[in-house]
Amino acid sequence: MTEVEKKISFDGRDIHITIGRFAPQAGGTVMIRSGDTAVLVTATRAAAREGIDFLPLLVDYEERLYAAGRIPGGFLRREGRPPEKATLISRLIDRPLRPLFPGWLRDDIQVVATTLSMDEQVPPDVLAVTGASVAVLLAQIPFNGPMAAVRVGLVGDDFIINPTYSEIEAGDLDLVVAGSPAGVVMVEAGANQLPEQDVIEAIDFGYEAVRDLIRAQQELLTELGIALVQQDPPPRDPTLENFIRERAEAPVKEILARFEKDKNVRDAALDEVKAAIEQAIKELEETDPVRVAAALDAKALSNTFKEVTKTLMRRQVIEGNVRVDGRKLDEVRPISCLVGVLPRRVHGSALFNRGLTQVLSAVTLGTPGDAQELDDLHPDESKRYLHHYNFPPFSVGETRPMRSPGRREIGHGALAERALVPVLPPQDQFPYVIRVVSEVLSSNGSTSMGSVCGSTLSLMDAGVPLTKPVSGAAMGLIKEGDEVRILTDIQGIEDFLGDMDFKVAGTDSGITALQMDMKITGLSLQVVAEAIQQAKPARMHILEKMLETLSQPRQETSPFAPRLVNLKIDPELIGLVIGPGGKTVKGITEETGAKIDIEDSGMITISASDEDKAKRARSIIMGMTRKLSAGDVYVGKVTRIIPIGAFVEFLPGKEGMIHISQLADYRVNKVEDEVSVGDEVIVKVREIDGRGRINLTRLGIHPDEAAAARAAVAS
């Protein structure tokens with residue numbers, strides 16, 4: 001292929017698209033670059049496997065540490081399992097890509113995005129999303145694109161396209177918008193309690209930039225003489241399809257019209273209809289065209305039955321403005337909440353129920369040393385808030401092997417984490433590392449937003465002083481032609497058979513997280529805006545129910561949580577606290593039973609099983625790092641004796657000398673006549689000489705001063 005390069009500029013920030021240079025055997029290849037961040041994206045297609053009734057699309061995002069001039073850690077010095085961030089970027093690429101493939105496509109498709117060079121200020125994720133579209137188009141795969149993505153930041157009052165890491169950190173918004181010529185396809189955002197209207201304007205602003213990238217891809221295809229692939233869907237047997245529809249439509253319509261609130265009852269009724277049709281096919285003659293067609297296409301019954309159910313469910317919503325469980329379009333399912341559902345050895349817990357969706361959230365408070373250290377290409381080095389999401393098979397009444405968390409679980413945990421980070425207390429006010437685990441015990445839609453709600457309550461139960469509580473709701477969409485219905489608090493069947501899953505989380509002040517996924521090729525900005533606005537009253541209703549259970553964070557943490565105290569020292573004194581080879585800090589730990597974490601800034605966090613131990617360690621460190629003044633009185637221990645005096649350690653790591661003339665108010669012939677190694681003595685700082693040597697005395701100490709020194713040690 002001829003080598004071609006395209007440049008697109010946004011406010012002086014260029015994106016370079018290069019094709020024809022790399023990976024010539026891949027179906028489609030593009031190198032996409034901005035600054036020094038370069039991502040190679042390939043798309044490859046293979047023939048459909050027999051018996052597949054879904055699109056086997058596999059998207060992998062990979063990072064190479066050489067991209068940042070680093071060698072991997074570990075014994076092998078080689079990249080291993082992709083970090084969580086790579087999994088999230090894989091999902092970010094997949095989500096806007098998947099709905100643009102024709103629904104009938106069954107070919108194996110693999111998209112691989114590899115970051116080959118990393119600019120410490122330019123994120124690679126949105127480049128990878130746009131690059132995936134170019135690669136798929138070049139691979140000549142049927143695709144309703146082009147598609148592109150940009151990031152929108154908010155610094156001050158100004159929106160920025162593709163902000164740097166520094167601008168993202170300094171701003172109040174981190175939003176990714178992906179779109180096609182038909183409209184918005186995907187939105188992912190974290191925000192600092194931003195008003196709905198500001199978020200809507202940001203999406204609008206971002207989509208305008210997306211359109212520029214779409215035009216650039218169209219121009220690129222024109223230059224190369226490549227047209228979008230038009231391919232007809234495989235033929236279907238109308239005889240079999242009509243047989244199934246004739247026997248399914250009436251009973252399915254009747255079942256949906258019952259407005260059954262229990263999904264298990266509704267699903268069982270639908271399964272009975274499906275089983276009856278299957279039995280009717282089996283009872284036909286072996287030579288009957290319907291039975292012959294069914295034998296050739298084992299998935300025909302399931303697929304057609306799903307289409308019938310989908311059509312009738314959607315028609316019921318469009319024509320009757322009523323949902324399968326009888327709710328109005330903007331009605332939230334019944335909500336109930338409990339806090340403290342687990343014993344207090346669990347530092348905080350809550351159970352959140354919304355309809356048949358039930359999430360148990362549990363909080364663990366840890367020490368700064370429990371923070372997650374990140375080893376990837378991204379600038380964050382550690383995380384003090386961790387949110388993990390588990391979705392066991394029993395939550396949907398199924399059986400399957402339970403393995404390590406999948407992409408969906410990692411993604412849902414990250415969404416809940418993003419929703420809550422903006423309301424966490426600053427580290428200097430609440431130094432704990434916080435881990436929340438959301439266990440989905442029952443699922444009928446919107447478990448990620450159930451995790452947000454349950455986790456808010458569990459954090460409050462744990463005594464975490466959130467600045468504001470967060471609630472979340474999932475919005476859905478039914479679109480037939482020009483008719484559009486937005487659904488509040490969607491359940492499983494509405495997610496499965498609907499066109500959109502739009503999760504919105506936030507406080508009463510604004511949005512903290514968004515995630516929108518589509519099943520159609522694009523959505524107008526007007527409908528996106530309506531969905532965001534319609535979510536607010538739902539969120540406020542849910543929040544009201546939550547606060548009826550627990551109105552504010554508890555004043556005390558669990559008695560089983562570690563006790564933490566903070567202390568700030570001069571960074572130049574860190575070496576004094578640590579001591580040679582860590583001797584001093586180890587000694588404090590052994591003496592008090594406390595754990596001590598020291599940051600380069602001089603911030604020290606002391607943790608212990610009870611507060612007295614932590615305070616004792618703080619007292620020792622405060623004593624050894626405070627500036628000494630002549631006249632200060634301490635309790636010390638004689639460490640060694642020389643002919644002219646005795647050395648006394650009066651603070652950890654601090655020694656001074658009592659000259660023989662300062663041991664007593666009478667003549668002392670030998671130091672050993674007055675003190676021995678190991679003796680406890682009361683000393684006063686006499687002077688600190690020009691070389692920093694501390695001279696001590698036992699003379700002139702008032703009884704009150706001695707008593708105060710002993711009391712300080714006892715405390």
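For all residues, glycine too, the Cβ spot is worked out from N, Cα and C.
The following features are taken from Swiss-Prot:
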BINDING   ASP495, ASP501  Mg(2+) binding site
DOMAIN    562-621  domain 'KH'
DOMAIN    631-699  domain 'S1 motif'
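Counting every protein chain shown, the number of other Cβ atoms lying within 10 Å of the Cβ of ASP501 (Mg(2+) binding site) is 22. With DSSP classes pooled into helix, strand and coil, the tally for the domain 'KH' (562-621) is 32 helix, 16 strand, 12 coil. Residue counts of the domain 'S1 motif' (631-699) by helix, strand and coil are 6 helix, 36 strand, 27 coil (DSSP-based).
Its own atom aside, the Cβ of ASP495 (Mg(2+) binding site) has 19 Cβ atoms within 10 angstroms in the protein chains shown.
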